[in-house]
Amino acid sequence: MDRPNKPSAISPAGGAPKPSVHTEQGKVIASLPTGDSVQVLLFGATVLSWKSNGRENLWVSDAAKLDGSKPVRGGVPLVFPAFGPPPKDHATGKLPQHGFARNSHWEYLGSSSSESGKLASGGDDSIKLDFGLSHAQISDDAKNAWPYDFSLVYSVTLAKDGLQTMLNIQNKGDKSFEFQMLLHTYFRIDDISKVSINGLGSTSYIDKMLNATTQTQTDPTVRITGEVDRVYTDIKQDTTSILQDGKPRLDVVREGLSDSVVWNPWIEKAKGMSDFEPKDGYKKMIAVEVGAVDGWQKLEPGETFEGGMICKAHL
Ligand SMILES: O=P(O)(O)OC[C@H]1O[C@@H](O)[C@H](O)[C@@H](O)[C@@H]1O
């Protein structure tokens, strides 16, 4: 007898579509059978594109340099081992703004589809790309400025339900070091005037627009109406949500990290950045950057630190 709700046939092993990965022009590109995709530039291990449901979720400047001549203006540049201009009296003091990770040529370590971290989907519904950077691979200038033996593994997992990016930092040397790290994510939005950000209410922040004074986020919703450069610290809620027209557009979940930077250069600062195009591109982006940037993290020899984010796209 034919059952009305009989289970559908299971496709034979190997028959189902699988994620695909290929490399081209210094990039690693992975796609899911759904069409969702991610592109990572080996220079900086910079995630350049993350598409879900046919929509790009990241903003990259039209004038971004992808040739290794400067950090990419857009996507997800990796900030390590110092955030902002490093203090001159710190061990990172001779490094450039935001450190060397976004300026270095990373190694592609390979892909796997068996793990999905904390994303709900796994197996053939996800693909993980691993990238590595160690002391031996950075420039002589960076080695001289920061003479510590370290290893970074950056894992980018694309799944049906989101994108996870995790940075694992290990001290491989015989002396301790201090660092900061940040995933400087430029999210693409339709119109900054319609964007609101939730999940930062009652949190303290350092307002770089107000002489780095400490403020408190009294309004549970952040709206962007001018240049914003804030470092929210010790955030209690794991998730920061970007809403457009009041509807959820993107969720950013911190993993092992408790700080977030909210940044938009607005009109004048965008004009001053030669690699920021179009000049009114500030209307189409909002940087919500997860990290450990309040003070310093210390790693003793052999110790590791791991932190990152899960991004989920809505709409
Ligand atoms: O121009 P850069 O080095 O990429 O930095 C962009 C911005 O990065 C943000 O994370 C900082 O808070 C800002 O102060 C800075 O302007």
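Cβ atoms are placed via backbone N, Cα and C, with glycine included.
Note that TrEMBL annotation is computational and uncurated.
Annotated range for region 'Disordered' in TrEMBL, selecting from 1-25, 101-125: 1-25. In this structure the C-alpha atoms belonging to Gln97 (substrate binding site) and His184 (active site) are separated by 13 Å.
Counting Cβ atoms from all protein chains shown, Arg102 (substrate binding site) has 23 others lying within 10 Å of its own Cβ. Ranked by how many other Cβ atoms sit within 10 Å of their Cβ, the recorded positions Arg73, Gln97, His184, Glu289 place Gln97 at the bottom.
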